[in-house]
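**Q** Mind having a look at this structure? Questions to follow.
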Amino acid sequence: MEPGTNSFRVEFPDFSSTILQKLNQQRQQGQLCDVSIVVQGHIFRAHKAVLAASSPYFCDQVLLKNSRRIVLPDVMNPRVFENILLSSYTGRLVMPAPEIVSYLTAASFLQMWHVVDKCTEVLEGNPTVLCQKLNHGSDHQSPSSSSYNGLVESFELGSGGHTDFPKAQELRDGENEEESTKDELSSQLTEHEYLPSNSSTEHDRLSTEMASQDGEEGASDSAEFHYTRPMYSKPSIMAHKRWIHVKPERLEQACEGMDVHATYDEHQVTESINTVQTEHTVQPSGVEEDFHIGEKKVEAEFDEQADESNYDEQVDFYGSSMEEFSGERSDGNLIGHRQEAALAAGYSENIEMVTGIKEEASHLGFSATDKLYPCQCGKSFTHKSQRDRHMSMHLGLRPYGCGVCGKKFKMKHHLVGHMKIHTGIKPYECNICAKRFMWRDSFHRHVTSCTKSYEAAKAEQNTTEAN
């Protein structure tokens, strides 16, 4: 009995877990389920309350839209989603080591940040998981409808799911595994062979993990080693511009006694680039112009002043780094190969200058480790909201819809600019002729021409008065 009251307080410690277990049993039996999630044609029944409580994405879907049927993008792996859905009821998630990146991608889209954080911890503590993923490229393929059973596989984890998982468990338990991890990563960095096209993104992540493990050498060393990458790796649809000379002494320090067989010097960099240039064919000039346009859009980070015609253009940030995101972009990959080879040829002449600039930036205190929220494509962000917005770009989501015409946009400021069409607001006014404009680009063009006309008329008037 509580002091000073006539009431008794009792607690049921296991009650909440028991409730979730019963809800999970109901879900498996299809009882009292009030929402269906469709992933690549596979239908998963669930409870709105559980989904809304475990995922902000589902919370928006069931509360704001009152959806009874939610269709997820085809890039989502049905088996991965089923395991994540099961974890919402059980609080446990078994992730095969080669598929951790797939779980990270799915959880990022669903905004289940507790899963994202755990996946990030596993990747940071076990960088060899990425090395295993390089050898299991086929694991990213979504199961076909003829061979996939959406209701059976996740419940057979005791027999099939644990076959790969103990590997990651052993890596976490063994002290000596850290040395083998560094050796394995260093061997990836010192290879002369070209990596597969679907592993360029993972290789950037390998460099990141090496930088985090060697953080004892100082902030500048960590920042420097973070941006190192192999002499050449097949690019995604967007060309990478981070070509940096790898110092042999840096590799020796990072590997702690590892025998480095390859020595990278200026001659080998040029030789590797020349080999790349001979392997790729010349593309038409029109295709090159299209590539430059796409590259400019990515570098502009969807600038607020972009023209409305560009709002509906989708950019594949992942490129060929994952089979789910590759789609029908084989032509774009060829363009990326040729473009990156050209960029590398230009950078090889000034490679020492690039290294000097990088070292100077590291001494100024700029470190990529400050961005705590990474994306699978290799980009990192300082805030979760930025990563959410970035993930919507990957998946082609358009969450902002116009209530008048129904047109949808990726970014909120795109919708704000679109609403000017319906409201008729013209916020830009010319100071010379007082003409008003709805769009900023049109306003700037008019001001340029109007100013020239005004100055010409004024000069003509002055000449007439002088005569």
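Backbone N, Cα and C define each Cβ position, glycine as well.
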**Q** Looking at LYS358, LYS420, LYS452, which residue has the SUMO2 cross-link feature per Swiss-Prot?
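**A** Among LYS358, LYS420, LYS452, the residue Swiss-Prot annotates as SUMO2 cross-link is LYS358.
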**Q** Check each of the ranges 131-152, 285-306, 307-328, 373-394 against Swiss-Prot and return the one annotated as zinc finger.
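**A** Checked against Swiss-Prot: zinc finger maps to 373-394.
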**Q** Quickly, which of LYS408, LYS412, LYS458 does Swiss-Prot have down as SUMO2 cross-link? Just give the residue.
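**A** When Swiss-Prot is consulted, SUMO2 cross-link appears for LYS458.
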**Q** Swiss-Prot tags one of 37-59, 83-105, 428-450 as zinc finger - which one?
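**A** Spelled out, Swiss-Prot records zinc finger over residues 428-450, not the other listed ranges.
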**Q** Looking at the candidate ranges 331-353, 400-422, report the one that Swiss-Prot labels zinc finger.
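**A** From Swiss-Prot, the annotated zinc finger range turns out to be 400-422.
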**Q** Test of record reading: of LYS118, LYS241, which one does Swiss-Prot tag as SUMO2 cross-link?
**A** LYS241
**Q** To which residue among LYS167, LYS182 does Swiss-Prot attach the annotation SUMO2 cross-link?
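**A** Among LYS167, LYS182, the residue Swiss-Prot annotates as SUMO2 cross-link is LYS182.
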**Q** Hey, what's the Cβ neighbour count for LYS458 (SUMO2 cross-link) at 10 Å?
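**A** If we count other Cβ atoms within 10 Å of LYS458 (SUMO2 cross-link), we arrive at 10.
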**Q** Measuring Cα to Cα, tell me the gap between THR423 (phosphothreonine) and LYS458 (SUMO2 cross-link) in whole angstrom.
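**A** So the alpha carbons of THR423 (phosphothreonine) and LYS458 (SUMO2 cross-link) sit roughly 37 Å from each other.
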**Q** Would you mind pulling the DSSP three-state label for THR423 (phosphothreonine)?
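**A** It is helical.
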